[in-house]
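A.B. asks: Straight from Swiss-Prot, here's the annotation block:
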type    : residues                       : note
BINDING : 36, 37, 38, 39, 40, 41, 42, 43 : ATP binding site
DOMAIN  : 4-252                          : domain 'ABC transporter'
(Lines of atoms letter the chains of each structure in order from A and count residues from 1; the text may use other names and numbers.)
(Lines give C-alpha, C1' and ligand atoms only; values in the text may rest on other atoms or scores of the structure.)
Protein backbone atom coordinates (compact mmCIF):
# COMPACT_ATOMS: atom_id res chain seq x y z
CA UNK A 1 0.00 0.00 0.00
CA UNK A 2 1.41 3.38 -1.00
CA UNK A 3 1.57 6.02 1.71
CA UNK A 4 2.58 8.74 -0.74
CA UNK A 5 1.96 9.01 -4.46
CA UNK A 6 3.17 11.75 -6.82
CA UNK A 7 1.27 12.04 -10.10
CA UNK A 8 2.73 14.18 -12.91
CA UNK A 9 4.28 16.63 -10.46
CA UNK A 10 5.85 19.78 -11.92
CA UNK A 11 7.35 22.38 -9.60
CA UNK A 12 7.96 26.02 -10.48
CA UNK A 13 9.63 29.01 -8.86
CA UNK A 14 7.94 31.85 -10.72
CA UNK A 15 8.80 31.32 -14.40
CA UNK A 16 11.54 28.80 -13.63
CA UNK A 17 10.52 25.18 -14.21
CA UNK A 18 12.48 23.42 -11.44
CA UNK A 19 11.19 19.84 -11.62
CA UNK A 20 9.44 18.08 -14.49
CA UNK A 21 6.85 15.27 -14.56
CA UNK A 22 7.70 13.29 -11.43
CA UNK A 23 5.70 10.11 -10.87
CA UNK A 24 6.53 7.90 -7.92
CA UNK A 25 5.05 5.91 -5.05
CA UNK A 26 6.39 5.59 -1.51
CA UNK A 27 5.29 2.47 0.41
CA UNK A 28 4.16 2.84 4.01
CA UNK A 29 6.75 2.17 6.75
CA UNK A 30 9.70 2.13 4.41
CA UNK A 31 12.72 4.32 3.62
CA UNK A 32 12.99 5.92 0.19
CA UNK A 33 16.25 7.68 -0.72
CA UNK A 34 16.47 10.53 -3.24
CA UNK A 35 19.90 10.74 -4.89
CA UNK A 36 21.33 12.71 -7.79
CA UNK A 37 23.72 15.54 -8.69
CA UNK A 38 23.39 19.03 -7.23
CA UNK A 39 20.56 21.04 -8.77
CA UNK A 40 18.58 18.00 -9.96
CA UNK A 41 15.51 18.87 -7.88
CA UNK A 42 15.59 16.15 -5.23
CA UNK A 43 15.34 18.57 -2.28
CA UNK A 44 12.70 20.58 -4.16
CA UNK A 45 10.57 17.45 -4.55
CA UNK A 46 11.12 16.57 -0.89
CA UNK A 47 9.99 20.01 0.29
CA UNK A 48 6.94 19.91 -1.96
CA UNK A 49 5.77 16.76 -0.15
CA UNK A 50 4.91 18.83 2.94
CA UNK A 51 4.43 22.16 1.13
CA UNK A 52 7.58 23.68 2.69
CA UNK A 53 8.63 25.13 -0.68
CA UNK A 54 5.60 27.44 -0.47
CA UNK A 55 7.49 29.72 1.93
CA UNK A 56 9.38 30.90 -1.19
CA UNK A 57 7.37 33.61 -3.03
CA UNK A 58 6.19 32.51 -6.47
CA UNK A 59 6.64 28.77 -5.85
CA UNK A 60 3.84 26.47 -6.98
CA UNK A 61 3.12 22.86 -7.89
CA UNK A 62 1.17 21.30 -10.74
CA UNK A 63 -0.02 17.70 -10.53
CA UNK A 64 -1.02 15.70 -7.46
CA UNK A 65 0.75 14.67 -4.28
CA UNK A 66 -1.44 12.13 -2.50
CA UNK A 67 -1.18 11.14 1.16
CA UNK A 68 -3.32 8.03 1.74
CA UNK A 69 -5.15 8.90 -1.47
CA UNK A 70 -5.92 12.54 -0.59
CA UNK A 71 -4.33 15.39 -2.53
CA UNK A 72 -2.39 17.55 -0.04
CA UNK A 73 -2.78 20.46 -2.49
CA UNK A 74 -6.57 20.21 -2.46
CA UNK A 75 -8.47 23.52 -2.08
CA UNK A 76 -9.65 22.77 1.48
CA UNK A 77 -6.34 21.43 2.80
CA UNK A 78 -4.53 23.51 5.45
CA UNK A 79 -0.73 23.59 4.82
CA UNK A 80 -0.10 23.70 8.60
CA UNK A 81 -2.07 20.47 9.04
CA UNK A 82 -0.02 18.92 6.21
CA UNK A 83 3.22 19.83 8.01
CA UNK A 84 1.95 18.26 11.24
CA UNK A 85 1.26 15.02 9.40
CA UNK A 86 4.44 15.14 7.29
CA UNK A 87 7.39 16.20 9.46
CA UNK A 88 10.74 17.56 8.27
CA UNK A 89 14.32 17.21 9.54
CA UNK A 90 16.72 19.66 7.92
CA UNK A 91 20.34 19.45 6.79
CA UNK A 92 21.58 21.66 9.62
CA UNK A 93 20.37 20.79 13.09
CA UNK A 94 18.15 23.66 14.19
CA UNK A 95 17.20 23.31 17.86
CA UNK A 96 15.98 26.42 19.64
CA UNK A 97 19.38 27.19 21.22
CA UNK A 98 18.27 28.87 24.46
CA UNK A 99 15.25 26.64 25.02
CA UNK A 100 15.71 23.61 27.29
CA UNK A 101 16.11 20.14 25.80
CA UNK A 102 12.68 19.14 27.07
CA UNK A 103 11.00 22.31 25.81
CA UNK A 104 12.64 21.82 22.39
CA UNK A 105 11.01 18.41 22.04
CA UNK A 106 7.49 19.57 22.95
CA UNK A 107 7.60 22.96 21.19
CA UNK A 108 5.26 21.78 18.43
CA UNK A 109 2.77 20.33 20.90
CA UNK A 110 2.74 23.56 22.89
CA UNK A 111 2.20 25.51 19.68
CA UNK A 112 -0.86 23.40 18.93
CA UNK A 113 -2.32 24.23 22.35
CA UNK A 114 -1.26 21.33 24.61
CA UNK A 115 -0.85 22.61 28.20
CA UNK A 116 -1.00 19.44 30.31
CA UNK A 117 2.44 19.32 31.98
CA UNK A 118 2.26 15.60 32.72
CA UNK A 119 1.46 14.79 29.10
CA UNK A 120 4.20 17.12 27.83
CA UNK A 121 6.76 15.38 30.05
CA UNK A 122 5.58 11.94 28.92
CA UNK A 123 5.78 12.91 25.24
CA UNK A 124 9.24 14.45 25.76
CA UNK A 125 10.59 11.23 27.27
CA UNK A 126 8.86 9.02 24.71
CA UNK A 127 10.20 11.09 21.80
CA UNK A 128 13.74 11.30 23.20
CA UNK A 129 13.71 7.52 23.66
CA UNK A 130 12.40 7.20 20.10
CA UNK A 131 15.34 9.31 18.90
CA UNK A 132 17.85 7.24 20.92
CA UNK A 133 18.78 10.31 22.96
CA UNK A 134 17.07 9.77 26.32
CA UNK A 135 19.96 8.03 28.11
CA UNK A 136 22.36 10.80 27.07
CA UNK A 137 20.21 13.73 28.22
CA UNK A 138 17.80 12.46 30.91
CA UNK A 139 19.79 14.15 33.70
CA UNK A 140 19.94 17.55 31.98
CA UNK A 141 16.54 18.05 30.40
CA UNK A 142 16.45 21.62 31.74
CA UNK A 143 19.73 22.56 30.01
CA UNK A 144 19.73 24.47 26.67
CA UNK A 145 19.41 22.37 23.51
CA UNK A 146 22.18 24.45 21.93
CA UNK A 147 24.68 22.91 24.37
CA UNK A 148 24.46 19.45 22.82
CA UNK A 149 26.95 18.07 20.28
CA UNK A 150 26.11 18.27 16.57
CA UNK A 151 24.94 14.66 16.42
CA UNK A 152 22.88 15.04 19.58
CA UNK A 153 21.30 18.23 18.24
CA UNK A 154 20.23 16.43 15.07
CA UNK A 155 18.67 13.62 17.11
CA UNK A 156 16.97 16.28 19.26
CA UNK A 157 15.46 17.72 16.08
CA UNK A 158 14.27 14.22 15.12
CA UNK A 159 12.72 13.87 18.60
CA UNK A 160 10.98 17.22 18.09
CA UNK A 161 9.69 16.08 14.68
CA UNK A 162 8.25 12.78 15.96
CA UNK A 163 6.73 14.34 19.12
CA UNK A 164 3.73 15.59 17.13
CA UNK A 165 3.13 12.04 15.83
CA UNK A 166 3.56 12.58 12.08
CA UNK A 167 2.85 9.77 9.64
CA UNK A 168 5.70 10.67 7.28
CA UNK A 169 9.18 11.95 8.11
CA UNK A 170 11.18 13.85 5.47
CA UNK A 171 14.95 14.19 5.95
CA UNK A 172 16.99 16.63 3.86
CA UNK A 173 20.63 15.48 4.09
CA UNK A 174 20.36 14.98 7.87
CA UNK A 175 23.94 13.70 8.24
CA UNK A 176 25.87 16.03 5.93
CA UNK A 177 27.23 18.13 8.82
CA UNK A 178 27.90 15.19 11.16
CA UNK A 179 31.01 13.15 11.93
CA UNK A 180 31.05 9.41 11.06
CA UNK A 181 30.07 8.25 14.58
CA UNK A 182 27.10 10.64 14.75
CA UNK A 183 26.13 9.67 11.19
CA UNK A 184 26.04 5.99 12.20
CA UNK A 185 23.82 6.84 15.18
CA UNK A 186 21.33 8.65 12.92
CA UNK A 187 21.40 5.82 10.35
CA UNK A 188 20.68 3.25 13.08
CA UNK A 189 17.84 5.48 14.22
CA UNK A 190 16.37 5.64 10.70
CA UNK A 191 16.20 1.82 10.64
CA UNK A 192 14.25 1.87 13.90
CA UNK A 193 11.96 4.76 12.94
CA UNK A 194 10.69 3.03 9.80
CA UNK A 195 8.86 0.55 12.04
CA UNK A 196 6.48 3.42 12.81
CA UNK A 197 6.99 6.10 10.15
CA UNK A 198 7.27 6.37 6.37
CA UNK A 199 10.63 8.04 5.66
CA UNK A 200 11.96 9.89 2.61
CA UNK A 201 15.60 10.99 2.79
CA UNK A 202 17.68 13.15 0.45
CA UNK A 203 21.36 12.27 0.57
CA UNK A 204 24.52 13.02 -1.42
CA UNK A 205 26.15 10.03 0.27
CA UNK A 206 25.61 7.08 -2.03
CA UNK A 207 26.81 4.56 0.57
CA UNK A 208 24.30 5.99 3.01
CA UNK A 209 21.46 5.59 0.51
CA UNK A 210 22.52 1.97 -0.01
CA UNK A 211 22.67 1.33 3.75
CA UNK A 212 19.43 2.89 4.95
CA UNK A 213 16.87 2.75 2.13
CA UNK A 214 14.47 0.16 0.77
CA UNK A 215 13.98 1.95 -2.55
CA UNK A 216 15.96 4.66 -4.30
CA UNK A 217 14.92 7.42 -6.68
CA UNK A 218 17.63 8.82 -8.95
CA UNK A 219 17.11 12.37 -10.21
CA UNK A 220 19.12 14.20 -12.85
CA UNK A 221 18.97 17.17 -15.23
CA UNK A 222 20.07 17.63 -18.83
CA UNK A 223 21.93 20.89 -18.19
CA UNK A 224 22.12 23.80 -15.76
CA UNK A 225 18.92 25.81 -15.97
CA UNK A 226 16.91 22.84 -17.25
CA UNK A 227 14.24 21.16 -15.07
CA UNK A 228 15.26 18.26 -12.86
CA UNK A 229 13.56 14.95 -13.55
CA UNK A 230 13.16 11.50 -12.04
CA UNK A 231 15.27 9.12 -14.11
CA UNK A 232 14.73 5.84 -12.29
CA UNK A 233 12.98 4.46 -9.21
CA UNK A 234 13.39 0.95 -7.88
CA UNK A 235 14.49 -1.31 -5.04
CA UNK A 236 17.78 0.02 -3.69
CA UNK A 237 19.67 -3.21 -4.34
CA UNK A 238 18.63 -3.18 -8.00
CA UNK A 239 19.37 0.54 -8.48
CA UNK A 240 22.89 0.09 -7.12
CA UNK A 241 23.71 -3.29 -8.68
CA UNK A 242 21.70 -3.50 -11.91
CA UNK A 243 19.93 -0.25 -12.86
CA UNK A 244 17.81 -0.14 -16.01
CA UNK A 245 19.04 3.28 -17.11
CA UNK A 246 22.59 4.00 -18.30
CA UNK A 247 22.41 7.49 -16.77
CA UNK A 248 21.74 5.90 -13.37
CA UNK A 249 24.62 3.46 -13.84
CA UNK A 250 27.01 6.27 -14.80
CA UNK A 251 26.09 8.26 -11.69
CA UNK A 252 26.28 5.30 -9.31
CA UNK A 253 29.66 4.26 -10.72
CA UNK A 254 31.05 7.78 -10.42
CA UNK A 255 31.34 8.50 -14.16
CA UNK A 256 29.39 11.73 -13.72
CA UNK A 257 27.85 13.91 -10.99
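Yeah, the Cβs are placed from backbone N, Cα and C, and that goes for glycine too.
Show me how these features fit into the shown structure, please.
C.D. replies: Around the Cβ of residue 36 (ATP binding site), the number of neighbouring Cβ atoms within 10 Å comes to 24.
For the domain 'ABC transporter' (4-252), the model's average pLDDT works out to 95.
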A.B. asks: Neighbour count first, Cβ atoms within 10 Å, every protein chain included; then name which of 37, 41 tops the list of binding-site residues.
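C.D. replies: Ranked by Cβ atoms within 10 Å, first place goes to 41.
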A.B. asks: If you draw a 10 Å sphere on the Cβ of residue 42 (ATP binding site), how many other Cβ atoms land inside?
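C.D. replies: Step by step: centre on the Cβ of residue 42 (ATP binding site), count other Cβ atoms within 10 Å, giving 29.
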A.B. asks: Around the ATP site formed by 36, 37, 38, 39, 40, 41, 42, 43, list the extra residues of the same chain whose Cβ is within 8 Å of the site's Cβ centroid.
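C.D. replies: Going along the sequence, the neighbours appear as 44, 219, 220, 221, 228.
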